[in-house]
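When I checked TrEMBL for this same protein, it listed these features:
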TRANSMEM  A:7-24  transmembrane segment
TRANSMEM  A:88-106  transmembrane segment
TRANSMEM  A:112-132  transmembrane segment
TRANSMEM  A:137-156  transmembrane segment
TRANSMEM  A:162-184  transmembrane segment
TRANSMEM  A:260-278  transmembrane segment
TRANSMEM  A:312-331  transmembrane segment
TRANSMEM  A:343-370  transmembrane segment
TRANSMEM  A:382-399  transmembrane segment
Amino acid sequence: MGKLYNAIFSAGITFVLACLMIGVKLDTDGATLGVTGATPEQWAWIFGGIALVFFSQLFSDQIDAAFRKIPKPQVSHLIPVGDKMTQLKPWLMAGVFVCMVIWPFMVSRGSVDLATLALIYIMLGLGLNIVVGLAGLLDLGYVAFYAVGAYTYALLSQYFGLSFWVCLPISAGMAALFGFILGFPVLRLRGDYLAIVTLGFGEIIRILLNNWTAVTGGPNGISGIAKPTLFGMEFSRKSKEGSTLFHEFFGIDYSSSHKVIFLYLIAVVLVAFVIYVINRLMRMPIGRAWEALREDEIACRSLGLNRTAIKLSAFTIGASTAGFAGSFFAARQGFISPESFTFIESAIILAIVVLGGMGSQIGIILAAIIMTILPELAREFSEYRMLLFGLTMVLMMRWRPQGLVPMKRPVLELK
Amino acid sequence: MSDTFLYLVQQLINGLTIGSTYALIAIGYTMVYGIIGMINFAHGEIYMIGSYITFIVIAGLLGMGMVSLPLILFIALVIAVLIASTYGWTVERVAYRPLRGTNRLIPLISAIGMSIFLQNYVVLSQGSRDIALPPQITGGWTFGDPNLFEVSFSYMQLFIWVATFVSMLVLTLFISRSRMGRACRACSEDIGMTNLLGVDTNRVIAMTFIIGAALAAIAGLLLSLYYGVVNPFIGFIAGLKAFTAAVLGGIGSIPGAMLGGLILGVTEALTAAYFPSEYKDVVSFGLLILILLFRPSGLLGKPEVEKV
């Protein structure tokens, strides 16, 4: 009986909430504001939703049981462990890398472009993973460091004519510096404060970029950012001031897809570099300290670990990865404006980390790919995209907080 | 009285008006934090929903031909508070309660998801553009020298001051006198012990979400009438501001949230008055970082003791 009462109650609440938002719509009719009722189709949706809530509450035990029965994707079992793995791993990595390099020459330009975007998100996801997944610090203004990286390259290239390759480390350095300056005061505090302060910081950066018109161009952004070059060779059709062109140097016909593939390959190399560095860091004492600190702060401190220094290192390294991704993003787009660096972007990156499984690199790579490709496939549902994002985040936390591919730690059992 | 002084007075009036509504929203953050030690991320969206409900009810009643303004405002207030409280309760039920006792990051992320969901729910159902309502409460007093600078204090501003004052009075009485209020205070001291003593802590937690949402709805009603415009994105910035106010006053402390809101509102008004107004958000978030740097426990908060 309790179940039935609960279900009726939930359905009633849903009805009230739905009626006053979907059921009535504010409409401006000339100067006066009016209210119109929902269309029959919307009412159908509302009652469908109510029925869904009613039955999911009524049969919640059965649904939970069914969820538990679904075999969880045991990806980790597919990967061989132990000595076999250490032998196989380099070959496997090399194989994946070669596939990644060959692949763009066989598919259309659009899909290569999409893959480049996915690679940017992979970079961002991996960077945020250091902060959120490994060190357990919730950073909601991650996009600020992405923006710092992008604007560093855009401004340096516009005002000083520096090339992409020179700016790449500078951008990462600048983002790291910002991370350091922000992290220094805040990281001594508890985690929730960090979430809000980083959120505020993200807004500050966006507002500054929007209003400092003299330098950043304000809302109009910066356009005509130079593309990356290959040892000084440009990928444009006509050369500007006597620089060598890629297709002339190699004596092949000009094709616009050269540039796209080149950008993709840069992204592949950058992602490989980021993965390599992070993997090395995770095996170093500092990486171990990040995870230890996340698990038990007090125990870490009593073992003599410097809490602030460890958190700060994670925060700074995460920020520099975003700076990396940012400068590449600026180079790829050729145009940046503060519009690209809103809170929603931070939320998407966070969603990638959460969906993939906090701390799990494979999971994050998968989630980044899914998150980039799915919206492209489901274009007609694009207006529901953010709604579903939010819903997925809530449901994931409830049923599978460890993510799609949970992080696997080396476990030693005493027998 | 000089020109600059009158200008300052005007800014103070404006600042206190905005600040008192920040204080109302901040109380919701501070109460939830005081009891479960977590930030209610979807709180800003509850405020936004409160604003929408206000507009819907007022537009509906005006459309039906009702003329008595006090009655319209009263009905709008009651409905906005009821519906927003229901939203607040639902947020607790969906995004917080099932996750109690897990890692601290997990409810925070689910609340962010909830906030994104609610924002887009309103975008989809009401559209994303600004919706304007002509001013309902008009008129006011002016004083000062008409040749130099005239300070104006509108009835709307008075209404905001009075409504905020009354809500805070009611809240203070509720917390200090009622049975539920005592349970709230006990929970913020030690939730585990309170549970052992036979208080239904789940109910208390749900109650704090409801109270917070009700106050946010009142703030939504006041601010939406004051500005005359709503859109689905106002909750984000308002939530951030109110959180800043709560931290400024010392998170977990209700008088602190009130004080913090007022200080933040005045600071913002003064910044907007003497600097380019786009920077007022930068100043308030900068203020947040400075407080955390020099006095993390806020103005009236107790320093946090870490327990092992």
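Note that Cβ sites are derived from N, Cα and C of the backbone, with glycine treated the same way.
Predicted automatically and left uncurated, TrEMBL annotations should be read as such.
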Quickly jot the same-chain residues contacting the transmembrane segment (A:260-278) by Cβ under 8 Å, restricted to those at least six beyond its ends, or write none.
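Distant Cβ neighbours of the transmembrane segment (A:260-278) are 97, 100-101, 104-105, 109, 112-113, 115-116, 119-120, 122-123, 126-127, 129-130, 227-228, 230, 235, 246, 321, 324-325, 328, 331-332, 361.
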Between the stretches A:88-106, A:112-132, A:162-184, A:312-331, A:382-399, which one has more Cβ pairs under 8 Å with the transmembrane segment (A:343-370) than any other?
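Looking only at A:88-106, A:112-132, A:162-184, A:312-331, A:382-399, the most contacts with the transmembrane segment (A:343-370) come from A:112-132.
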Should anything in the same chain at least six residues away from the transmembrane segment (A:312-331) have a Cβ under 8 Å from its Cβ atoms, list it; otherwise answer none.
120, 123-124, 126-131, 134-135, 137, 139, 142-143, 145-154, 164, 167-168, 171-176, 178-180, 182-184, 187, 222, 225-228, 263, 266-267, 270, 274, 281, 286, 290, 340
Given a Cβ distance threshold of under 8 angstroms, which distant residues of the chain, six or more beyond its ends, lie next to the transmembrane segment (A:88-106)?
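Those are 80, 112, 115, 260-261, 264-265, 268, 272, in sequence order.
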